[in-house]
Amino acid sequence: MSSPVWHPFTQHGLKEPIPLVERAEGALLYCADGSTLIDGISSWWVTTHGHCHPRIAAAIAEQAGRLDQLIFAAHTHEPAETVARELVDLAPEGLTRVFFSDSGSTSVEVALKMALGYWHRRGEPRHRILVLEHGYHGDTIGAMSVGERGVFNRRYEPLLFDVGTIPFPAEGREQATLDALERACTAPDKPAAFIAEPLVLGAGGMLVYSAAVLTEMAAICRRHDVLWIADEVMTGWGRTGTLFAVEQAGVAPDILCVAKGLTGGALPLAATLASEPIFQAHWSNDRADMFYHSSSYTANPIACAAAKANTQIWREEDVLGRIGALARDIGDHLETLSAHPAFSNPRQLGTIAAVDLKTGDTGYLSDIAPALRAFFLERQLLLRPLGNILYVMPPYCTTNEQLDRLFGAIAEAGDRFGTARR
Ligand SMILES: *Cc1c(COP(=O)(O)O)cnc(C)c1O
């Protein structure tokens, strides 16, 4: 009998192979058919230090035998308390409150509700949200509403709320972005918040923009009293070369979303960090004013224990040193690849590198993507192009030999699929 599993972002009608993975270690996935895949995309951008990190696995096992789950409304536990304090300590200054949830999408929903709640309680309700063109913030209705519209969400479009879109600050066109943000912030329909992924737009195509623009965008929001939400779901936990990407712009958001690498990538956990004024706006002796949001597994103790182990690794080990070394190796490989005539627009930020494959067939639905996936799978590599955009985002333990194989196969894919050679 065929499997009853309905996979995400998978067109079952294409009958693509679906590898059965039995175990993982470091950057490797071991499959039931005896093959071993190099995880070139950190299992969808979540695995930071490497799969089955011994310290995180031990913390999970220990916590599972002590306290597995707890209602988090008006109850608490040590792993959540510790992780919350660690987050406040590690995050940019001014983020003093931590609201837990269970996925990046939920952390964004929470951020939007916090922002709206803030303005409501201030007695000047605002509902307009500004977003960055090509942004991605998750797949729930609210998160889709603030993300790029396209084939992913066209069916649901009538349910998505209206937003103000600020053009992406592509190199050379930064001023247009800043002008548009300034105009939107001063429009009669005052925005409640501006949400953006700092420095690199992930699902939008690994689009990189400068820290200087981010600094300016944050300043514009501050100047016009519009809350700024930084979605660090992908960029957090060292991905861009610093613990959080906003550090490179020297700015602190009013609200910060973290998820993916929060547990080192071992368990689902998310957090929305808020500034003190946002928390205080919800503080009163009237129950009608409390923050109405929860999910059953909010701050699950086992997930929090994994996150606590992750923050300990960050404190006690030279993670940034490892990331720096990996980023240098990736940079060397990318430089070689840049000379390949089938690729354009090479870009890198920390441990993320991407190129565009020159092909007549672009866009997320281009037939090239499944063909490329199959091509890489045959070579025992997990790479998942975004349309014609090829990228690597490996775990921090990835060796130079493993990078050789990833980038070697990308070059080979250029020979095979690129139009420049034909
Ligand atoms: C992945 C991602 C999300 C959604 O996170 P999920 O855990 O998949 O819900 C939100 N924002 C950004 C920037 C992401 O990359």
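Placement of Cβ uses the backbone N, Cα and C atoms for every residue, glycine included.
Site annotation (TrEMBL, ligand pyridoxal 5'-phosphate) includes Gly104, Ser105, Ser295, Ser296; from Asp39, Asp231, Asp356, the additional listed residue is Asp231. Close to Gly104 (pyridoxal 5'-phosphate binding site), meaning Cα to Cα within 10 A, are the following binding-site residues out of Trp44, Lys260, Ser294, Arg384: Lys260. Secondary structure from DSSP puts Ser105 (pyridoxal 5'-phosphate binding site) in a helix. Highlighted here are the binding-site residues (Trp44, Gly104, Ser105) whose C-beta falls below 6 Å from ligand 1: Gly104, Ser105, in sequence order. The binding residues for substrate are recorded as Trp44, Tyr136, Lys260, Ser294, Arg384; their greatest pairwise CA distance is 33 Å. The full span of the recorded pyridoxal 5'-phosphate binding residues, Gly104, Ser105, Asp231, Ser295, Ser296, taken as their largest Cα to Cα distance, is 23 Å.
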